[in-house]
Amino acid sequence: MDENKKRALAAALGQIEKQFGKGAVMRMGDHDRQAIPSISTGSLGLDIALGIGGLPKGRIVEIYGPESSGKTTLTLSVIAAAQRMGSTCAFVDAEHALDPDYAGKLGVNVDDLLVSQPDTGEQALEITDMLVRSNAVDVIIVDSVAALVPKAEIEGEMGDAHVGLQARLMSQALRKITGNIKNANCLVIFINQIRMKIGVMFGSPETTTGGNALKFYASVRLDIRRTGAVKEGDEVVGSETRVKVVKNKVAPPFRQAEFQILYDQAFYRNGEIIDLGVQQGLVEKSGAWYAYKGSKIGQGKANAAKYLEENPEIGQEIEQQIRAKLLVTSANTKATPVAEDLADADI
């Protein structure tokens, strides 16, 4: 840059700092780049698919899928992981359907969980914004976007047309709270439902509720689907689940994870550790037998997982090695801008 441009830039920066305060404009090279802090989802495979070890703090996340696909279970698992780190969590229950007993089974400390059951969409989003601006809440779940009913619709007659009200409400609210979420370093997760577009001849007819604003403001979007049932004999004890990362601004997108959700304990975590350990060559598999560092740990996946449950230190050791091999570290965060460009591209 020539001297005239340097002087002009220095004058402009000085004027900006004088008018808007120090730090209004920063030079990226003046500060060390740090890895984005994250909160585990409770699923090792999904943490790895997300690229940074979990869901990013200071960002908006959207989780959507069909009914009974595991959306609320996934968010409750995030709350349980955050609470184990000492974080404060809130659940904005617009559907009025939160089951405290089920949340407790998933490891959530329900006594410390902040819960709101708002009457209108405006009230729900205003409560969310106030919790974010308090700088005291680390994780907020909004369940769900489809249940954020505008006040005008609630007060109107059944059958009245209210075109675009919910979409305008979401657009206005997200414009308002996005900056606050970043400043508070708070993770806000919106659960969303799927609807079908009428008359679609090509491509997927599926769409999410609440307009397009959330698709743009979300740094991460997860598509969760139930792909099968987990059975013990004839009894169904869980669900085979697939999650696809359809948008990711903090790591490469379009990865996916498959895992089991057991109805009494959320994710079958030890089973994931065994599967990923075998994939990465950390756990040896010979026929039906599994071994770690030359020692047999069980015949069949269920017995090997039970061994890890009885010896948690070995499970943690294998998990740490898997994370070290597969996750993005602070040393290679220079790939982050590329990931952000890919996430916003029309592919």
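The count begins at 1 with the first shown residue.
Glycine residues also receive a Cβ, built from the backbone N, Cα and C atoms like all the rest.
Listed features, source Swiss-Prot:
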BINDING   Gly65, Pro66, Glu67, Ser68, Ser69, Gly70, Lys71, Thr72  ATP binding site
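Cβ proximity to the ATP site centre (mean Cβ of Gly65, Pro66, Glu67, Ser68, Ser69, Gly70, Lys71, Thr72, cutoff 8 Å) flags the following additional same-chain residues: Ile224, Arg226. Taking every protein chain shown into account, Ser68, Thr72 are the binding-site residues, and of these the Cβ with the most other Cβ atoms within 10 Å belongs to Thr72. Note: Glu67 (ATP binding site) has non-local neighbours Gln193, i.e. same-chain residues 6+ apart with C-beta under 8 A of its own C-beta.
For the binding-site residues listed here (Pro66, Gly70, Lys71), the lowest count of other CB atoms within 10 A around the CB belongs to Pro66.
Within 10 Å of the C-beta of Ser69 (ATP binding site) there are 22 other C-beta atoms, taking all protein chains into account. According to its DSSP assignment, Pro66 (ATP binding site) is coil.
Close to Gly65 (ATP binding site) in the fold, though at least 6 residues off in sequence, lie Lys71, Ile194, Asp223, Ile224, Arg225, each with a CB less than 8 Å from its CB. A helical conformation is recorded for Lys71 (ATP binding site) in the three-state DSSP classification.
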